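Participant: Just dropping this structure here.
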Amino acid sequence: MGGRWLFVALPLAALSVALSGHPWAGLALVVVAWGRVLTLRSARIVVITGLVFVVIGGVWWGRQRQLAGRLVSAFTESPASLTVRFQPDALSIRGATYSFVGRAAATGERLILHGRIGSAEELHRLQTVDHAQSWHIQGTQSGILPATNFNQFDGATYWSRRGIVKQVRIAQVTPLMATTGPLTWWSDWWHGLRARLIRACQRLPGALKVYALGLLPGYRALEATQELEGMQRLGLLHLFSISGLHVSLVLLVVEWLCVHCRLPRNLWERGMIIGLPGYFILAGGGGSILRASLMRGLQLSGRQLGLRVTGLDAWSLTLIAALMGNAGLLFELGSQLSFGLSLVLILLEQESFAWRQVGLALVSLPSLLNGLFQWHLLTLLANWLVVPLFPVLLLPLTVVGTAIFPWVPEVSRGCATLLGWFDQTMTWLGTLPGNLVFGKPWWWVCWLWIWLAVGVFSRPVGQRRKLLRLLAMSYGLMYGAIHFPWHGEVTYFDVGQGDSILIRERFNRHVSLIDTGGHLGFQQPHWVPKIPVTYAADRTSVTYLRSHGVTTIDDLYLTHHDADHIGDLPAILKAFRVKRVLVPAGMEKEPAWQHLLANRQATTALMPIKTTSDLPLTVRHPFEADPAENANSLALQGQYGGLNFLFMGDLDQAGEQKMLEVDPHLRTDVLKLGHHGSKTASGVAFLNQVRPRWGIISAGRHNRYGHPNPETLARLRADQIPAVSTQTSGMIRYVFAGQHGEWQTKLKGD
């Protein structure tokens with residue numbers, strides 16, 4: 001079946017599309033794929049394809065039924081008492097918290113478990129775990145929260161595809177003796193080795209630590225986001241972790257050493273086949289590792305058995321095996337790039353270097369735009385420059401620097417310096433003009449682009465330019481549709497215990513953001529490891545705005561100085577061009593929050609405002625300059641899509657009363673309740689006067705303040721005001737065109 005396994009894999013891939021995201025489109029692909037199989041007129045291929053299709057489809061169906069029976073609510077917690085077994089390399093420590101994936105001893109169910117570290121001694125014990133552990137745990141369990149904002153990473157879906165639907169919050173741990181049986185000792189040994197390798201890499205200096213962790217045990221360092229920022233922007237990360245290129249190079253080096261040591265081919269090939277499962281564990285066990293390891297293992301096994309396994313056959317069989325383990329594989333960016341780019345290299349082996357680069361770009365671009373929403377125009381140049389450097393510079397520096405560190409740390413520090421210079425160069429290149437925030441294309445357009453890319457390379461070289469022009473035109477049309485939308489929106493982000501509200505007018509004529517969200521910081525004990533600063537806005541509002549092609553925020557309103565409203569300001573200022581930052585009069589003089597403006601561009605104006613200010617939004621409060629506490633919070637009002645919106649920040653009842661005294665006829669249709677639904681806001685007199693048709697509450701789940709307060713909810717019920725909360729509905733948005741619109745929520749549909 002030389003080259004024919006692809007036709008076995010295609011119907012299965014189409015079925016996975018139907019079951020994991022796009023049922024009707026997937027079923028259409030199933031029909032097309034089966035039609036192509038039947039045109040081969042090979043009874044053998046039809047039978048094999050049918051068996052694979054039915055058996056693996058049955059496995060998926062049974063697994064889905066099993067997971068459905070385990071589902072519990074993500075919004076309520078129940079007591080849990082269980083014994084779990086987990087591997088040492090699964091344990092991840094971040095500051096004063098830890099988490100891992102373990103398996104329940106009683107049921108065999110895999111779970112996510114997380115807890116807090118209570119002392120320096122406990123931290124040390126966790127940091128030195130190097131063999132399989134068995135713990136008896138007391139705590140609470142719940143379902144895994146899905147994405148609560150549109151276009152946000154969906155952790156619940158990600159883990160469900162890996163057979164995990166529950167998480168446990170650990171309250172108390174009793175360590176037990178973990179036993180190793182005849183079926184587990186092999187994997188236990190490799191996981192222990194990987195844990196020790198991770199610990200060794202974590203002691204390395206600077207950039208060498210990031211590269212060594214990523215390329216050797218496949219572990220993401222906490223510093224990776226900052227260190228590899230330039231490579232991320234230039235779209236180069238897939239070369240290192242996603243594509244599995246480093247795995248292929250390591251295997252080639254091992255083969256080269258075996259050949260030049262004059263070892264018998266049969267001996268070292270069998271050794272590699274036996275060792276590949278262990279290396280799969282050691283390298284992190286990710287999708288790209290699986291693809292690279294399994295493809296090489298299949299080719300070596302075929303050689304041992306006297307069978308010819310082509311690169312395309314190995315790729316197809318690997319895809320079948322990977323899909324059996326994860327039916328949603330093709331909906332994950334890493335897998336799309338790993339399998340897609342490797343297939344391009346196989347199919348375009350006879351093409352020139354330039355056309356192979358074009359093929360790689362055409363296949364990867366739809367996935368990158370759909371997953372990251374942006375693409376740098378220098379990506380092709382960066383790929384051309386960096387790919388040759390990877391095997392001759394980056395990987396050798398990483399391996400040598402890691403191996404020699406215990407004996408000659410000066411050499412390792414030199415390697416770290418060279419890698420750091422490389423990262424600085426990539427970061428500089430990433431800051432050059434050319435980063436295109438494209439937005440999220442429609443899913444069917446991404447499929448169309450892939451189909452057109454296939455069409456390009458199915459034609460002779462001289463006939464490809466016409467299709468390339470058509471592709472370029474379709475990208476331009478999609479860009480215009482995203483950047484000049486026919487509708488506007490008023491969106492309340494789910495940022496937990498905080499506020500962040502987007503107002504985006506039709507055609508993106510004017511974009512305003514009210515607050516950024518953020519989290520209150522608490523002083524940690526001295527023994528807690530320092531971790532890089534991260535902002536939740538990068539996963540919520542920044543992601544959402546980029547998915548809509550937004551690069552400029554015209555007005556950024558900061559209602560007052562509390563961290564849950566402005567703590568993520570640095571993330572917004574770094575990600576977007578902000579024309580004006582507007583604060584309540586008096587706040588511009590307060591020094592305590594000025595450090596948040598460090599990323600402000602020279603063209604960004606800081607503007608104090610009060611009720612007399614002339615702005616797109618009407619300022620209802622404050623009336624005079626005062627300290628920017630809750631009592632002096634901004635209150636803003638605007639008209640969108642036939643509805644009147646009133647945004648109250650954290651304003652208290654005294655401020656509400658001042659507003660009523662100035663404007664006794666104040667009315668609104670949609671009221672964003674002040675102070676997250678606290679009883680200190682949304683007074684009876686205020687609600688009776690403004691008469692909102694809907695109330696919006698932005699508050700965190702299980703927050704320590706008890707927001708929204710039962711007394712506030714009782715006031716709303718008494719006035720027959722329906723309230724929607726981000727706690728239960730996630731993102732809430734009103735999408736409008738002209739004087740009409742519709743309400744949508746992320747967690748409960750339209």
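Residue positions begin at 1 at the first shown residue.
Yeah, the Cβs are placed from backbone N, Cα and C, and that goes for glycine too.
Feature table excerpt (TrEMBL):
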DOMAIN    497-701  domain 'Metallo-beta-lactamase'
TRANSMEM  44-62  transmembrane segment
TRANSMEM  234-254  transmembrane segment
TRANSMEM  274-294  transmembrane segment
TRANSMEM  314-333  transmembrane segment
TRANSMEM  353-373  transmembrane segment
TRANSMEM  385-408  transmembrane segment
TRANSMEM  442-460  transmembrane segment
TRANSMEM  467-486  transmembrane segment
Participant: Please identify the stretch among 44-62, 314-333, 442-460, 467-486 with the greatest number of Cβ pairs below 8 Å relative to the transmembrane segment (353-373).
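Facilitator: Highest pair count goes to 442-460.
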Participant: Checking distant contacts: for the transmembrane segment (385-408), what same-chain residues at least six beyond its ends satisfy Cβ-Cβ under 8 A?
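Facilitator: For the transmembrane segment (385-408), the list is 200-201, 203-204, 208, 211-212, 215-216, 236, 239-240, 245-246, 249, 414-416, 418-419, 422, 426.
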Participant: Counting only CB pairs under 8 A, let me know which of 44-62, 314-333, 467-486 has the most with the transmembrane segment (442-460).
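Facilitator: It is 467-486, which has the most Cβ pairs under 8 Å.
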Participant: Cβ under 8 Å, sequence separation of at least 6 from the ends of the transmembrane segment (44-62): give me the contacting residues as numbers and ranges.
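Facilitator: Apart from its flanks, the transmembrane segment (44-62) reaches 1, 4, 7-8, 11-12, 15-16, 19, 34, 37-38, 320, 323-324, 327.
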Participant: Mean pLDDT for the domain 'Metallo-beta-lactamase' (497-701), as a whole number?
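Facilitator: Summarising the domain 'Metallo-beta-lactamase' (497-701) by its mean pLDDT gives 95.
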